[in-house]
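These come from Swiss-Prot:
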- 9, 10, 14, 15, 16, 17, 92, 119: ATP binding site (BINDING)
């Protein structure tokens, strides 16, 4: 059995997330997803949705066999427990593949690291969705326009 692990924040779940998880699942027989803890999200703005809600939504997705919250102190602990054959990264995740492979090997983990390409649609990231919401549904400008397309 080929075990795959996907990781992410998964804030404001969107088609790009689903694409990432579907493509990750296609690489193996079992997909486990590690959802970032609120306290550990430091490389971008804090999530809008609390970690328990993000975890619940990920668990409900068809491609996902198992989902869990990441460890508060050691991001490699859940990976070591799962012992995946493959770890996938999203197109915009900040990890360097070779550095991650090295860190895994230091812990006795021999998982391949695969970067999944971006979703081909226009709303492939939470930041793009937020930007579009603000541009199309934000407060009206002084001229009376609502910024709608």
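Placed from the backbone N, Cα and C atoms, the Cβ positions cover glycine too.
Sequence features annotated in Swiss-Prot and their locations in the structure.
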residue	record	CB count, 10 Å
9	ATP binding site	23
10	ATP binding site	26
14	ATP binding site	17
15	ATP binding site	14
16	ATP binding site	22
17	ATP binding site	25
92	ATP binding site	15
119	ATP binding site	20
ATP site span - longest C-alpha distance across 9, 10, 14, 15, 16, 17, 92, 119, in Å: 16
Helix, strand or coil at residue 17 (ATP binding site) [DSSP, three-state]: helix
Three-state secondary structure, residue 10 (ATP binding site) (per DSSP): coil
